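Right, one structure below, let's go through it.
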Amino acid sequence: MSAVHQSPIKRRQSKKIWVGKVPVGGDAPISVQSMTNTRTTDVEATVAQIKALEKVGADIVRVSVPTMDAAEAFKAIKQQVEVPLVADIHFDYRIALKVAEYGVDCLRINPGNIGNEERIRSVVDCAKDKNIPIRIGVNAGSLERDIQEKYGEPTPQALLESALRHVDILDRFNFDQFKVSVKASDVFLAVESYRLLAKAIEQPLHLGITEAGGARAGSVKSAIGLGLLLSEGIGDTLRISLAADPVEEVKVGFDILKSLRIRSRGINFIACPTCSRQEIDVIATVNALEQRLEDILTPMDVSIIGCVVNGPGEALVSDLGVTGSNKMSGFYLDGVRQKERFDNDKLIDQLEAKIRARVAEQAQRIEITPIG
């Protein structure tokens with residue numbers, strides 16, 4: 001990887017835990033999560049959505065389990081999917097005990113509503129017996145009553161106090177297999193809360209801007225908030241909360257990591273916003289290739305620039321590059337101009353073929369690399 005492609009971010013050191021087969025924290029890659037929005041009791045619909053999330057790369061999927069009926073449905077769901085599942089539990093600690101019997105990979109509890117310390121102890125003892133990690137999920141919208149009264153409104157110090165209160169409980173129970181989140185819908189509140197928490201504990205942190213909004217506004221808000229934290233080395237796993245198809249949450253999550261050069265997955269398209277100089281339809285080309293190449297997991301930079309002003313320069317730092325020109329466009333491979341040119345009318349098909357050939361070539365190279 002060239003220097004221009006390396007991330008300068010120095011990551012915060014944290015303890016590593018495991019959510020099923022996925023490591024979180026330590027030197028593990030930052031994982032991307034999402035959450036189902038189906039009725040959990042609709043097993044068929046929930047399984048279908050989980051598999052759709054798996055297809056776009058979700059490392060972990062959270063499922064809301066609000067009732068005992070949902071807990072029974074969770075059992076059937078768990079048997080039909082491969083990705084690790086987190087059960088989201090509120091109010092009734094007995095639901096956590098039930099899904100633990102059914103093989104849940106992680107329990108998410110909200111300290112503000114799960115109940116008294118003895119109920120938390122019951123959940124912790126169960127998690128310890130079955131080697132299940134816990135996420136302490138603090139949310140600005142559901143802080144404990146005494147903390148709300150003390151601070152008057154959600155503040156970074158209020159979210160931190162709530163989190164540390166429950167970290168202390170788990171510490172006293174000699175349980176260290178947990179991660180923590182301090183989410184808020186306000187970017188500044190969330191960011192400062194996470195900064196304080198990162199200095200206070202060594203556990204892995206689950207990042208998120210809660211109730212971020214619709215697909216466009218929520219993506220922007222999440223990119224700003226999580227981008228600030230990730231650029232400071234804070235964060236071990238993340239979920240983008242959108243009022244949209246959960247599949248979009250995963251795509252946005254990977255795009256944020258890709259933009260910061262933290263974790264590259266799939267094609268990173270470098271494309272100009274277009275102007276009257278363009279010789280190819282950049283927008284249509286990028287849109288078509290994004291859809292066609294969703295199955296590609298191999299990290300790769302592909303530049304598609306409409307004219308020769310910036311095209312050669314962008315191609316210089318790309319794996320593959322196209323520079324628009326009249327009728328026939330220039331093609332670059334590893335920054336080197338090739339004799340081959342692309343027919344503008346067939347550009348999408350030709351570039352897709354080149355990308356897939358490059359992916360196959362890299363896969364073959366990995367297979368034949370000697371070990372040791």
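Including glycine, each Cβ sits where the backbone N, Cα and C put it.
Record features (TrEMBL):
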BINDING   CYS272, CYS275, CYS307, GLU314  [4Fe-4S] cluster binding site
DOMAIN    15-253  domain 'IspG TIM-barrel'
DOMAIN    268-356  domain 'IspG C-terminal'
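For CYS272 ([4Fe-4S] cluster binding site), the number of other Cβ atoms no farther than 10 Å from its own Cβ, over all displayed protein chains, is 20. Other than CYS272, CYS275, CYS307, GLU314, the residues of this chain whose Cβ falls within 8 Å of the Cβ centroid of the [4Fe-4S] cluster site are, in sequence order, PRO273, THR274, ARG277, GLN278, VAL282, ILE305, GLY306, VAL309, ASN310, GLY311, GLY324. Candidate binding-site residues: CYS275, CYS307. Fewest other C-beta atoms within 10 angstroms, CYS275. Taking Cβ-Cβ distances under 8 Å and a sequence separation of 6 or more, the neighbours of GLU314 ([4Fe-4S] cluster binding site) in its chain are ILE270, SER303, ILE305, GLY321. Counting residues of the domain 'IspG C-terminal' (268-356) by DSSP class, helix then strand then coil, yields 30 helix, 28 strand, 31 coil.
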